[in-house]
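Asks: A single structure is presented below for examination.
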Amino acid sequence: MRVLLILLAFFAPIASQLMGGECGREGACSVNGKCYNGKLIETYWCRCKKGFGGAFCERECDLDCKRGEKCIYDVYGENPTCICQDCEDETPPTERTQKGCEEGYGGPDCKTPLFSGVNPCDSDPCNNGLCYPFYGGFQCICNNGYGGSYCEEGIDHCAQNECAEGSTCVNSVYNYYCDCPIGKSGRYCERTECALMGNICNHGRCIPNRDEDKNFRCVCDSGYEGEFCNKDKNECLIEETCVNNSTCFNLHGDFTCTCKPGYAGKYCEEAIDMCKDYVCQNDGYCAHDSNQMPICYCEQGFTGQRCEIECPSGFGGIHCDLPLQRPHCSRSNGTCYNDGRCINGFCVCEPDYIGDRCEINRKDFKFPDIQSCKYNPCVNNATCIDLKNSGYSCHCPLGFYGLNCEQHLLCTPTTCANGGTCEGVNGVIRCNCPNGFSGDYCEIKDRQLCSRHPCKNGGVCKNTGYCECQYGYTGPTCEEVLVIEKSKETVIRDLCEQRKCMDLASNGICNPECNLEECNFDGGDCSGGQRPFSKCQYPARCADQFANGVCNQECNNEECLYDGLDCQSELFRCPAHIRKHCIERRGDGVCNLECSFIGCGFDGGDCNNGTEAIILSDIRIKVQIDPIEFQATGGETLMQISANLRATVRIQRDELGPLVFRWDGEHEMERVEMNSSKLEDQFVLSHHVRRYRQAVVTGIVLYLEVEEICKPEFCRFSTAQSVVDLIAAGLVKSDGRMSLGLPITEAMVAVPKRNEIDEGWSRSQVILFACIAFLAFGTVVAGVIAKNGPERSRKRKMVNATVWMPPMESTNEKGRRNQSNHSSQCSLLDNSAYYHPNTKRHCSDYSTGYNGEQYSQIYPQTLANGYPGDYNELNFDFQSETFAPADLPADEIPLHVQAAGPDAITAPITNESVNQVDSKYRRRVLHWLAANVRGKPEDVITTEAIRCLKAGADVNARDCDENTALMLAVRAHRVRLSVVLLREGANPTIFNNSERSALHEAVVNKDLRILRHLLTDKRLLKEIDELDRNGMTALMLVARELGKHQVEMAELLLSKGAKLDYDGAARKDSNKYKGRTALHYAAMHDNEEMVIMLVRRSSNKDKQDEDGRTPIMLAAKEGCEKTVQYLALNDASLGIVDSMDMTAAQVAEASYHHELAAFLRQVANERHRNDIMRQQIVKSGHGAKSGRQTVKNIKRAGSRKTPTSAASSRETNHLTPPPSDGSFSSPSPHYYPTTTSTPNRMETSPEYMFNHEMAPPVNAMWYTTPPPYQDPNYRHVPPNTAFQNAEQMNGSFYC
């Protein structure tokens, strides 16, 4: 045991603590350790003080070590152990152990000869473990559950384990144990532990509950609801929450009542004395009306709201026209109305009435010439502003509100912005701002002087004076460390799989149980087709905290949608008494200061005063509101959107008027005839006239523009997509029902498309013209078909690519502009969310446009995070399965009609009738039988097909889409019919207009049974790697799709001769050629099972496509977490760069997958660290492994086994060089060969790497040895951990 501790004292600093870098950099080691530069260049290690351990001495050890010992951790940061303290001198152990020994000798006394070259592992002595040779012997490192000198002892105890579902059984020598997933505990992981799942219930508490599918439930705090208590409860929906005609406003986790004057309290239930501060002049006195409003009773001879107007001498009354010399009311001279009383000849009215005889309702009466600021109506030091023909408006100071600023404001959770705390002192509120913010409401973010307040923890100080923090840090100077709860994300992600959210995704229905960021918001069904948090550094965290009433600074940025505006004060509402006034004056060119703030839409930008502004246009939203209602309330709707976005919002327009269209639930219809003059009077129309327009629950489709008055570097929204994402995130919070307080169902960025048809043409004229054009086109097509004849076996269309030239800057700019002509964010509520549902449009559809719709989509569709995926190039035809273009034939041919119908055929079946051709679809009877969708039984279809074949039907006849009956049978999953057609000579190698054969159709349909039958045809086996129009083989099509039998189908194709790493090289001259293999497509679609199968079959993990991207790069770009982890942990190269000189980590970062980028950098750093350790070990003669090890002496001598070059059986790859003849000293560079490629470090796959695992151990220390074996039989299987090459030294021993 003492020997073991001595060994650990030497080995721990060498193996587990050698890092890349130098001691000179800040924070190389923590304050609990001292840094020493390593023997190798740019390496260092940390010597820890007593009581501390870890690679950087950052962890405090809780073991009570004896005197002369200290505590360390193993290389995994676990298993603390007491070892001897370091020697007093500061000489690194690597130098102490190597001093004085001659070359070829080592050991404490420099007398031990080093490795002689005999390979003792040739006989494979380790039964259930790995054999590692060294001088004079070998060591066996046993697998879990096995022991003994030769790993011969032990059994698999996991065969009959009782571990709960989701846990992992780990075998040991005498038993097994269950490795529990996050949130589970117990011997068999049978218990749910809420404490292990982090803050899984955001605003509530977690309670174990076996009746739930997740085995726990959340009990929400007051004001919150939802499965995970992350949704605000709208208390205002409860009847009479606020009383006395007050207005209820929902807040996050709470609500507030805006009381009518005269009432106070949380529910406005308390009547207050409004006369206390209400002064009536000239001996008038104050009273309350029925609404608790203060009114003044004036002495005769005075009038006015506060008795401030003196009437001419001898006159009185409210108009100063009542003679005071004679009584005005009496029994004979008239009475007082509305319960007024006649006192001393004049009427004294009830508080709600006024007039000389109390005949006027007070609320309908206005005193003459007093609705202006000259009478000082505003109180509490408010600023009064006269309104043109509308009276006045009071701008209240902090802490007051109301018509005349007479009401005191109460503190609410959202009174102060950016996490400030509100406190009320003597009726006046004050915001205490956090560090980095200032202003009355903490609404101003202070700029930092970088020289005085440098950014910490790796943050970067920008020109704006703000710090851009690294992942895991936040705060004005990045001083705060975030606690990222991976356990919570893991639990929810597992829940998504358990609920089969992938099957429910993109079906047009928002399923609340899948409305989580980890479930992609039900495939976009709950987010209007968007991925709103795709750019956010903390997507799951910020989606969870979005609009929850708590300011989270790490989410308070444009990429994370400003935390749902939680960090902004909610006091910005347009006062009711000037709301109409401000709507009428928005954007009229005159600055109305009373309207120039957030709540009233910044007066339409009129108070800009030359300040810079940014205008974001082409924001397309669908709103479930009646078009007629919107015609009347357009200005009010725009005001509401403006207030919620905190920016000016206007409707775009073109030369025909406002861009407002009807929406029938599926398509964008005709333009809504808005009253342009009225809207212009309201100034809710854009100032910019667009010269073209576009078209896609009923309602309207609006095209909006958002104007923000700001300098560009300080604007909240830099792109229109950010506004769309904010709207989409609001949809998420309501399960897809509304956003911005409106019933919005979808938002996207879309440029209205130019309407090429003359607006003056009628609909019937357009249809007539289209029909004529179609008939002419059909005649030409029929002539071509008749000329070429039906005897061709295939139709292949080769597209020759133009010669590529380096794009100029102007060309790139033009390309970016033109990109807007395709689609922004395709709606996931549409069937064409990711691809068109039909494999090919029928020939009759060409006249009506794509899918028969009037409008096209604008920006590239996305596969993952809101950025164009690799399937979205303009020339990529992403297509799926197809169906018959019509239920019934166009011609009334009896045999065709009966073949396509539900009943059996009764018409005569003759050689002439079975070969009769439909004039429109060019189909024959076999086509209609194979494509029958009318419910005809399968056995009847097969029997009738046999009868037609016997009558002489052409089995290989093709319709206008070049489809044979076999292709249609394959699409319809008709196995029996497919077998009959094959037996009768159907050619499965014929290609249709989509350039697909029956093989492609079968794999697209995921039909394993038909695939097995097709692969019995020898003609098809010879063309098993044929490409479709997108340059994809059947294996590639299988690899990209998820499904129950996909892996089995891929294995079947490979067993029948499909090439594993074929990249479509036969189409290199085509613009469809991408240079990708099946592994590329499996990786980019996160098909983990397929990736595992292909990698195990030795598919080239580092094959680069035409863009220089490897499978792991494509997976990183699309955010495929599981695939990236598997490839990275199975030695896929992380140092290769693509044509843009970007590594996999940089590709992930550019696509806003920050966590993936951090993971890839961690793995790359670990590899770099372990490579340095191995080199150090090799130089010092040490290479031990952890585990149960046994050393046996080998007395026989022998010659060294000559290393042989591993012959590669892969396809030749023009971008991926072959191994350098087995040399481990100078591997071929595996990166994209561009003129600017300057990778810091070459990296190769294990097949081409020097095998450091063969470094030979000796009995005492490690010494320099000759080059080790390069025998693939003794390769170490990479473990499933990020520390895949790390070596655990603590606990190892040799005998």
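Just so it is clear, glycine is given a Cβ too, placed from its N, Cα and C backbone atoms.
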Asks: For the set ASN245, ASN911, ASN1290, say which residue Swiss-Prot annotates with N-linked glycosylation site.
Replies: ASN245
Asks: Which residue in the list CYS151, CYS163, CYS169 does Swiss-Prot annotate as forming a disulfide bond with CYS158?
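Replies: According to the record, the bonded cysteine is CYS169.
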Asks: Pick from ASN609, ASN992: which does Swiss-Prot describe as N-linked glycosylation site?
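Replies: Comparing ASN609, ASN992 with the record, Swiss-Prot tags ASN609 as N-linked glycosylation site.
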Asks: Pick out which of CYS259, CYS275 Swiss-Prot lists as the disulfide partner of CYS268.
Replies: CYS259
Asks: If Swiss-Prot marks one of ASN381, ASN800 as N-linked glycosylation site, which residue does it mark?
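Replies: Annotation hit in Swiss-Prot: ASN381.
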Asks: Taking every residue in the domain 'EGF-like 10' (446-479), what is their average pLDDT?
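Replies: For the domain 'EGF-like 10' (446-479), the model's average pLDDT rounds to 81.
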Asks: Kindly report the helix/strand/coil residue split of the repeat 'LNR 1' (496-532) according to DSSP, in that order.
Replies: 17 helix, 0 strand, 20 coil
Asks: Report, as numbers and ranges, every residue of the chain located at least six residues beyond the domain 'EGF-like 10' (446-479) whose Cβ falls under 8 Å of a Cβ in that stretch; write 'none' if there are none.
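Replies: Here the qualifying positions are 435-438, 537, 553-554, 713-714, 1154-1155, 1158.
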Asks: List, by number or range, the same-chain residues at least 6 past the domain 'EGF-like 7' (316-359) whose CB is under 8 A from its CB atoms?
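Replies: Hits for the domain 'EGF-like 7' (316-359): 287-290, 295, 297, 300-303, 309, 365, 367-368.
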